[in-house]
Amino acid sequence: MSPLWVRRLCIRVVDSLYGSFLYLPLAILFLKRSVTGFGTGEWDESQIPKLDGKVAVVTGGNAGIGYYTVKHLASRGAKVYLGARSESRAKAAIKRLLEENPLIPQENVVWLRLDLANQSQVVDAAVELQSKEQRLDILVNNAGIDPYDYIRTADGFEMTMAVKYTNPAAAAQEESDVRVITVSSSGEAYSSPTNQFTSPKDLDDPCASPGWENSCLGQAMRYGTTKLANVLFASELQRRMDEEDANIISLSLNPGTVRTDGAANVMPFMVRPLVRFLFTAPERGADTSLFAATAEEIKENSERWKGRYLDGPGRIKVPSLRARDAVAGRNLWNITEAAVRGTGALDRL
């Protein structure tokens, strides 16, 4: 048997074992739901304060958690830019949202063409936003990735820079309340153990061993590395904003086991049908994002919340050891910024 065939056989065996291993946590999840349910605690969207006059951007706002994040922000008076790549899907989502919620003014939900895989197009969106608005109060980096794709940039980097540049007075206004929310997941704990974000290659191909790229393990590792990057990015953003005395609060979060296409795609094929029955609905999954973006207690006690990782509305959790690696966070920021600056994108903001 040739070495190539031996390698392929080993990959298939390990991948099958990995896929089978996922049944155990799903079984535990089922038992937990049977006994305790999937409640998110005492906080829900009814506690969102009035947001009249505020401007928000929600990436990936046309479906899943993002859709319900847009819905509840707009219903409380915010003007929400629904960031999405597909015009037809975005407008269909807006049409559905307005039909289901006739009290939301039509002008409160606006499509923002936003393809996070295209840096130039993301900057176009940021420039468009700056031309239309004098402020940006809330950015929810919610858009996920397809686990079959490689990571190209830290999710939402350019839009996060737009928050900073669209709010030049944020550092001087003590009463301002600007928040950047980055949606991660508990999958951040299952990233590649060797990835330290020391080179652009660590973003492009987190599963460096040849042959594993499209395996179940490779897809899960790619997903986990993306989610790890989300947490590191949010923490590093907060550190930098604090250094500049900018009144910007950065949070990352785990929305929970939510019934979305992204969650299903990470699972082995034979497990995916169980997602529908075991995972919670996207509307409930949006609660943590909404708490992070709007809860008044975060503004009132900002030092307690700055840079934190939430595991439910109002629940601060210590993320994995790797997600607390400040050096990796700085490395991630630096290689991402270098990659974006190399395109000339930031010069346009």
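Cβ coordinates are placed from backbone N, Cα and C, and glycine is handled just like the others.
Quantities reported herein were computed from a predicted structural model and do not represent experimental measurements.
Taken from Swiss-Prot as is:
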TRANSMEM  9-31  transmembrane segment
BINDING   Ile65, Arg89, Asp115, Asn142, Lys164, Tyr223, Lys227  NADP(+) binding site
CARBOHYD  Asn118  N-linked glycosylation site
ACT_SITE  Ser191  active site, proton donor
ACT_SITE  Ser192  active site, proton donor
ACT_SITE  Tyr223  active site, proton acceptor
ACT_SITE  Lys227  active site, lowers pKa of active site Tyr
CARBOHYD  Asn334  N-linked glycosylation site
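Closest by Cα distance to Asp115 (NADP(+) binding site), from the recorded positions Ser191, Ser192, Asn334, is Asn334. Cα distances from Lys227 (NADP(+) binding site) to the recorded positions Asn118, Ser191, Ser192, Asn334 are smallest for Ser191.
When Cβ atoms from all protein chains are considered, those within 10 Å of Ser192 (active site, proton donor) total 19, not counting its own. If you take the Cα of Asn334 (N-linked glycosylation site) and the Cα of Ile65 (NADP(+) binding site), they are about 30 angstrom apart, rounded to a whole number. For Arg89 (NADP(+) binding site), the same-chain residues that are 6 or more apart in sequence and have a Cβ closer than 8 Å to its Cβ are Asn62, Ala63.
Looking only at the recorded positions Ile65, Asn142, Ser191, Ser192, Tyr223, the one with its C-alpha closest to Asn118 (N-linked glycosylation site) is Asn142. In the three-state DSSP reading, Asp115 (NADP(+) binding site) counts as coil. The DSSP secondary structure for Tyr223 (NADP(+) binding site) is helix.
Listed in sequence order, the residues of the same chain lying 6 or more apart from Asn142 (NADP(+) binding site) and placing their CB within less than 8 Å of its CB are Val58, Thr59, Gly60, Gly61, Ile65, Gly66, Thr69, Ile181, Val183, Ser289. Its Cβ placed at the centre, Tyr223 (NADP(+) binding site) has 26 other Cβ atoms within 10 Å.
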